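The compositional bias 'Gly residues' annotation in Swiss-Prot covers 1-16. Positions annotated as region 'Disordered' by Swiss-Prot: 1-56, 93-112. Look at Swiss-Prot and you will find 17-33, 93-111 tagged as compositional bias 'Basic and acidic residues'. What Swiss-Prot lists as ATP binding site is GLY234, GLU235, PRO236, GLY237, THR238, GLY239, LYS240, THR241, and the listing cites sequence analysis.
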Amino acid sequence: MGQGTPGGMGKQGGAPGDRKPGGDGDKKDRKFEPPAAPSRVGRKQRKQKGPEAAARLPNVAPLSKCRLRLLKLERVKDYLLMEEEFVAAQERLRPTEDKTEEDRSKVDDLRGTPMSVGSLEEIIDESHAIVSSSVGPEYYVGILSFVDKDQLEPGCSILMHNKVLSVVGILQDEVDPMVSVMKVEKAPLESYADIGGLDAQIQEIKEAVELPLTHPELYEDIGIRPPKGVILYGEPGTGKTLLAKAVANSTSATFLRVVGSELIQKYLGDGPKLVRELFRVADELSPSIVFIDEIDAVGTKRYDAHSGGEREIQRTMLELLNQLDGFDSRGDVKVILATNRIESLDPALLRPGRIDRKIEFPLPDIKTRRRIFQIHTSKMTLADDVNLEEFVMTKDEFSGADIKAICTEAGLLALRERRMKVTHADFKKAKEKVMFKKKEGVPEGLYM
């Protein structure tokens, strides 16, 4: 019983050097070692910390760098989609262009070359019409299917097949070059202040032409229709054309100027056609003013004509009458006529409804002469001995153009003698020269 076991002996009486490594002394000298990697492969199970953790939303907001990269990729995607759509559209259009080119070549083959130019007289139905050419009679022809029927109207210019004369195209109506030349692009420099006297004439033309274009509501309030046109008549040089220039300067309306002799054309029908084109352009550019100078060239009294030229002039005048007072309202188009011989005009041209106001331009009186001399000598360097009252009070019949010619001639005489001032003697010589040429060149009693 007194003997212990071997294990007991070791624990109690063993030597110090016989201690095991797992003793208390080894725990103090041992360093920390990380735990070994888990041998389990798979997702780590998260520990639940109660119902609060299950209800909380996870924080999945991306960082700023990730957001910028996402926007960049979206923009690249948009560009790629645009490129894809563009390529697909080009692929679809390529056969269409080839087909259009093929159709165009077929149309050209059907039209033939060369093509004739004619005029459409009447449309019978959707596929047939009556046409005429400048050198032949009228024909009943067909209209090809590719011709735009909406643009076909009687009187328009068309393209016809060279052999069968069918309608194969339409010529777009453009402005006649002669009418485009008649349009005054730059306003004249003359104004109402440059006109000496003629206060009553200026007032009348303002009421008949200028005021209806600028304030048409005044005529509507009073219940009247403004005049369609006026005629200016009087002796040469009394200011008819000058007043028309002043009207063009004072208003912003389109101004078309034509001389009566320009309406007389060589070929049959060209004169009336030019009149129609003139008023058509004026209607398109309205508000506008049509000024026809020397209207007596085409507006003379009608009589039995024996030549083709005289009959053509009468046709031109009839077309002018139709344009002045036809079924179509002129609207904002005003007409100004000017002539030296109103007694030779046809009464139908001067009746109310066509020309509602007739404005007479008499020779200037003493007050008007003085004003005209002041206007034309305002920029001249005059000597001290010049007395314009002598020329103002003279009994000779001066027109405004004569007074201007006297002032111009006096300045030329001063330049001839190397002088920069115009003397009284220069005016006297200029007056004698101008009046002598006037009496010599005009037959007696022409403008009585």
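All residue numbers here begin at 1 and follow the chain in the order shown.
Glycine is treated like the rest: Cβ placed from N, Cα and C.
Ranked by Cβ neighbours within 10 A across all protein chains shown, the binding-site residues PRO236, GLY237, GLY239 are led by GLY239. Summary: among the binding-site residues (THR238, THR241), the fewest other C-beta atoms within 10 A of the C-beta are counted at THR241. Taking the centroid of the Cβ atoms of GLY234, GLU235, PRO236, GLY237, THR238, GLY239, LYS240, THR241 as the ATP site, the other same-chain residues with Cβ within 8 Å of it are ASN340, PHE361, SER399, GLY400, ALA401. DSSP classifies GLY234 (ATP binding site) as strand under the three-state reduction.
Close to LYS240 (ATP binding site) in the fold, though at least 6 residues off in sequence, lie LEU232, TYR233, GLY234, ASP293, ALA338, PHE361, each with a CB less than 8 Å from its CB.
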